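Shown next, in structure tokens, is the structure this report addresses.
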Amino acid sequence: MLRLFYFSAIIASVILNFVGIIMNLFITVVNCKTWVKSHRISSSDRILFSLGITRFLMLGLFLVNTIYFVSSNTERSVYLSAFFVLCFMFLDSSSVWFVTLLNILYCVKITNFQHSVFLLLKRNISPKIPRLLLACVLISAFTTCLYITLSQASPFPELVTTRNNTSFNISEGILSLVVSLVLSSSLQFIINVTSASLLIHSLRRHIQKMQKNATGFWNPQTEAHVGAMKLMVYFLILYIPYSVATLVQYLPFYAGMDMGTKSICLIFATLYSPGHSVLIIITHPKLKTTAKKILCFKK
């Protein structure tokens, strides 16, 4: 039963990743065409362009790895499997850092906090976006290299099977690997949740203020604010389970977990990228308009 559930989770993840590939290819092409036509691109679209490319490569790599894994006629190589994992880890980390940067940009640009730090960021963050994107890539490369180093230095935990369950013999090296993974994920998690929460709070307060002062409450500006607030709420719903599931998947003793736990982690980890990409498209005016034209919908 658990094997069937795990196999169903793999099929669902393949379908979701295929959808994610199409969505991110769409985001990349639309932003690229805008960039070529106008010879300039906004800070948020620059991040979306980088995010679309990274997720397209990451999800494509996942599909290739899945086909390689389930193929019975292919001789599996340990080194090739490790290469897949490390490349996926680097691309996944880069995409999350790009999303983190995008959330920071939205938080700084949209919120009306008068703190000196917010005012300083509001004035200076847009020109720094190219450098910040490069910093995201370098941080992801560093964390991936750190994972490789600690994995090589730390032997994987030995499985000790008892009558009722399976326990692990965890060394100090394994603990250092786990601590490094938790610390690297925690920084992204704290920044994302904080920026999204601040933006939701600011937008909710702004909408309440408009509702009290305006005679006609529902207008295009209010609709845009509500859309941004919904995007952040749905982002948190997708991001928080994804962060936990991804962290569990990278832990050394993940291989010894039961099929049910692996299936749940796989579904949550896979749902985030395609789901967030769809949210970006339906809340971004230019992407939404282009998508409607492609689908032959009229306004």
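Cβ coordinates come from backbone N, Cα and C, glycine included.
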- Task: Select, from Asn169, Asn213, the one residue given the annotation N-linked glycosylation site by Swiss-Prot.
- Result: Asn169
- Checking Swiss-Prot: are His39 and Ser81 on the same side of the membrane? no
- Note on the structure: Beyond a gap of at least 6 residues from its ends, the CB atoms lying under 8 Å from the topological domain 'Cytoplasmic' (31-46) belong to 52, 102, 105-106, 125-126, 129-130, 133, 286
- Please give the sequence-distant neighbours of the transmembrane segment (82-102): residues at least 6 beyond its ends with Cβ less than 8 Å from one of its Cβ atoms. 44, 47-48, 50-51, 54-55, 57-58, 61-62, 64-65, 68, 129, 132-133, 136-137, 139-141, 143-144, 147-148, 184, 188, 191-192, 195, 239, 246, 250, 273, 276
- Message: With CB pairs under 8 Å as the measure, which of the listed stretches 10-30, 47-67, 231-251 comes out on top against the transmembrane segment (263-283)?
- Response: 231-251
- Using a Cβ-Cβ cut-off of under 8 Å, list the residues of the same chain that are 6+ residues beyond the ends of the transmembrane segment (10-30) and lie near it. 48-49, 51-53, 55-56, 59-60, 62-63, 66, 70, 266-267, 270-271, 273-274, 277-278, 280-281, 286-287, 290-291
- Task: Could you tell me what the rest of the chain brings near the topological domain 'Cytoplasmic' (284-299), counting residues at least six beyond its ends with Cβ under 8 Å?
- Result: 26-27, 30, 34, 48
